[in-house]
Amino acid sequence: LTFPLLLVTFLVSFGSSMLYGYNLAVVNSPAVYIKAFYNSTWSRRYGHGLAPGPLTLLYSLTVSIFALGGLVGSLLVGLLVERYGRNGTLSRSTLLVLLAGGFMGFSQELGSPEMVIIGRSITGLHSGRCCLGCEAVHKIAPKNLRGFLGLVPSIFICLGVFFAQVLGLPELLGKDRFWPLFLSVVVVPAFLQLLLLHCFPESPRYLLIERNDICGATEALRCFLGTPDVQDVIKEMKEEQESLSSMEMVSIWQLLRDRSVRWQTLSVVVVNASMQLSGIDAIWFYTNTIFENSGIPVSQIPYTTVGTGAIEVVAGMIGCFTIEKLGRRPLIITGFCIMGICLAGITISLLLQTVLPWMCYVSVACVVGIIAGFCMGPAGIPFLMTAELFTQSHRPAAYIMGGSLNWLCNFTVGFIFPFLQRSAGAFCYLVFCAVCLLVALYVYLVIPETKNKTFMEISRVFA
């Protein structure tokens, strides 16, 4: 593991994955202030405030519109990378974050809730390209480091969530007058990435395969791998280039109809959809509401939330540093099982909290367990599996399909959870519990271990 390779992994993850994590959690602590802003603006415009139902609907749209932007961004990744390369695409998407920060930062001053919603959708558009960072890291990583470097972006997602929780404390930006600034902090890491990204060469595979720039690819490999002898890697990439020239890339429809990869396709659908249907976004988006319903005193909720964020960072690091030793399957199966058990635990604790007051602390422990279980494996391994389960001809279609499902499920959970919570009460978490346990069973029965295996070896196992 060379310093340039580690540094470019850090930089790509810092400006992409960390922003994604930050935007997942940033709407949690200022929810009360944002709703009050919407209500007062509506009252000034129309002479009356919003009823609880429409207000919940408008706030749910603010939370979930981020995922619709992410869906559009994920669909545009392939086209933009082909035209501008990795560095060019990330730079252009960073400019979008600066625009979004301006919309959200001045929304209260201009009395425009629409600017908050537009800003959230634009940040989602940027985060939709988060998978580009994961894919870029995967392409430059040696085979024995694919798992480790593939999970580094998931650590930065956890760090983004943690920073949002820390900045949301009442002593920092968790106040009524600061929430627009809190939402627009996203411009800081985006601007740093924009400044530093061009200090590093473009992806070697992009330079050789897409641009036919052998000299540029050679220099990039020497920089990333820290050795002047890269001829074996160049030879392998040339063979890939020759195979791609005679290979037809399949579409999503062709991928779905291809019986030779039907189990790989189904596996990508299951693991990518389950990332969001596991309920993790409901936990991140509405942590304060969950703790409030659990009976935690309002004054202690921000600090409790920060504690859960610190634990999820530790869990993400455990997964990152053990994946090459334990493999993909044990981490993802264990993660989903822990999440399922803790989701059932939240339901039980909420049902018993009127009889046993100390059950509120069980709820906190269960939330910690859900987040820790997710960060240990399910947070990053589905992206890694999508790359490892397919050969190059099928991989782009698999990425588009997996990313689209991920964002659609993200939007669904973020939008309906407040209504599900109001209608089903404590039992709403059992839906997510069932999803987690069923997915763990599916991975155990169907998906093989992919650690240190080539794409052809993995295909033969499925066959």
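Including glycine, each Cβ sits where the backbone N, Cα and C put it.
On the 0 to 100 pLDDT scale, the model's mean across the domain 'Major facilitator superfamily (MFS) profile' (9-451) is 80. Taken from TrEMBL, the feature domain 'Major facilitator superfamily (MFS) profile' covers 9-451.
What TrEMBL lists as transmembrane segment is 57-81 (among others). Taking Cβ pairs closer than 8 Å, the transmembrane segment (57-81) reaches residues 23-24, 27, 31, 34-35, 38, 50, 88-89, 92-93, 113, 116-117, 120-132, 206, 285, 396, 399-400, 403-404, 406-408, 410-412, 414-419 in its own chain, all 6 or more past its ends.
What TrEMBL records for 148-167 (among others) is transmembrane segment.
Within the same chain, residues 4, 7-8, 11-12, 14-16, 18-19, 22-23, 26-27, 29-30, 33-34, 37, 87, 90-91, 94-95, 97-98, 100-102, 104-109, 116, 119, 123, 126, 167-168, 173, 223 sit at least 6 positions outside the transmembrane segment (179-200) and bring their C-beta atoms closer than 8 Å to a C-beta of that stretch. Here TrEMBL flags 179-200 (among others) as transmembrane segment.
Here TrEMBL flags 266-286 (among others) as transmembrane segment.
According to TrEMBL, the feature transmembrane segment maps to 301-323 (among others).
If you look at the transmembrane segment (330-352), the same-chain residues 6 or more away from its ends with a CB under 8 A from one of its CBs are 271, 274, 278-280, 290, 293-294, 319, 322-323, 359-360, 362-363, 365-367, 369-370, 372-379, 381-382, 425-427, 429-430, 432-434, 436-437, 439-440, 443-444. TrEMBL lists 330-352 (among others) with the feature transmembrane segment.
What TrEMBL lists as transmembrane segment is 358-385 (among others).
Positions annotated as transmembrane segment by TrEMBL: 397-420 (among others).
Annotation comment: TrEMBL describes 426-447 (among others) as transmembrane segment.
Between the transmembrane segment (397-420) and the transmembrane segment (301-323), fewer than three CB pairs separated by 6 or more residues in sequence fall under 8 Å, so the two stretches do not touch.
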